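If you check Swiss-Prot, you get these features:
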ACT_SITE  Cys120  active site, proton donor
BINDING   Lys23, Asn24  phosphoenolpyruvate binding site
BINDING   Arg96, Asp309, Val331  UDP-N-acetyl-alpha-D-glucosamine binding site
MOD_RES   Cys120  2-(S-cysteinyl)pyruvic acid O-phosphothioketal
Amino acid sequence: MDKIIIEGGQTRLEGEVVIEGAKNAVLPLLAASILPSKGKTILRNVPILSDVFTMNNVVRGLDIRVDFNEAANEITVDASGHILDEAPYEYVSQMRASIVVLGPILARNGHAKVSMPGGCTIGSRPINLHLKGLEAMGATITQKGGDITAQADRLQGAMIYMDFPSVGATQNLMMAATLADGVTTIENAAREPEIVDLAQFLNKMGARIRGAGTETLTITGVTHLRGVEHDVVQDRIEAGTFMVAAAMTSGNVLIRDAVWEHNRPLISKLMEMGVSVTEEEYGIRVQANTPKLKPVTVKTLPHPGFPTDMQAQFTALMAVVNGESTMVETVFENRFQHLEEMRRMGLQSEILRETAMIHGGRQLQGAPVMSTDLRASAALILTGIVAQGVTIVNNLVHLDRGYYQFHEKLAKLGATISRSSEV
């Protein structure tokens, strides 16, 4: 099993780092590439991540041709002709995001069968919003033996209110509605930048979607879609992770290609702490004098609130800021598992239901730790950079799902970090 080894203590990160295309954008884009019955789809700026390979295999399992040119960061999908209606269990079971193929397969074929998805073990993450929305559009849904089967000769436009602005459900229903009869309205829709990117992609294909980035989406169904070319939006979570890394280490880092608007909630909290964050021609520069930073209170919320996918990394920053900071996690339950590992490094914290109190500013010590999910992996690595001594981060399977060459990028900024496959 691979591990990352960090010699921490006095590292100050400096330089530039290039941000990849967004994992959370490319996965639904690949699912949407199932929809066109004519032409090829070409996705550019695709990150080389294990989740991308998994989704490629999910789509290939539908008898769709998928070619990944890793050297060019480009994927070509040809879904013209007949496609299968059952997603392969072998790959669906590996990744939660694979549930977003349900809507496109159903809309394209009138029948779809998808196994219950896998992925990070963060809370229950129910998929009931996906299923309720499809039922509102006329689908008959059955669940048996861990499989979800959906049937609808032709989906019908519907008015859908989502009890929670779920990103995955919004994506699934938006894609399904593009080929439905009539108009579908999704109220309390997710507003994340990845939703906007998906809507722009679908509209290029010939879909008629209005309101992306707002609480109300309106989709007028069409009879067919065609393949197009599209550049994947930059990864705001990777950008945010490097912003936090700079802030934790009294660093001075230019995050190239980072989009200010996509990172506004995080930037606001960094500035509240006393971090200097400025927009430059080629990206966002973050500079900090860590000992002078102030503690803050943060509450995770759906976009445009503070992103839950930055919670673990930001608690790592709180750990090195003098005073008591508070993190309230309102999106997912059971997402403080990384704090248990950070306690092995000397962190003092208390957790009461959805709230974590971080007593920051004490010198942390290197230790062997185990990553429990994708963002926890990044948080533990950042903590290892500032901790005194050697930190070994184990179980990197999660890290590889969402960060490309993470340790190499940190090393170029000055961290003493390496990756080893030795037992």
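Note that Cβ sites are derived from N, Cα and C of the backbone, with glycine treated the same way.
Structure with Swiss-Prot features highlighted.
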residue	record	Cβ contacts under 8 Å, 6 or more apart
Lys23	phosphoenolpyruvate binding site	Pro47, Leu49, Asp51, Val52, Asp235, Ile237, Arg401, Gly402
Asn24	phosphoenolpyruvate binding site	Ala97, Val167, Glu192, Glu194, Asp235, Ile237, Asp309
Val331	UDP-N-acetyl-alpha-D-glucosamine binding site	Thr300, Leu301, Pro302, Thr308
- prompt: How big is the UDP-N-acetyl-alpha-D-glucosamine site in terms of the longest C-alpha to C-alpha distance among Arg96, Asp309, Val331, in angstrom?
  reply: 16
- prompt: What's the most sparsely packed of the binding-site residues Arg96, Asp309, counting other C-beta atoms within 10 A?
  reply: Arg96
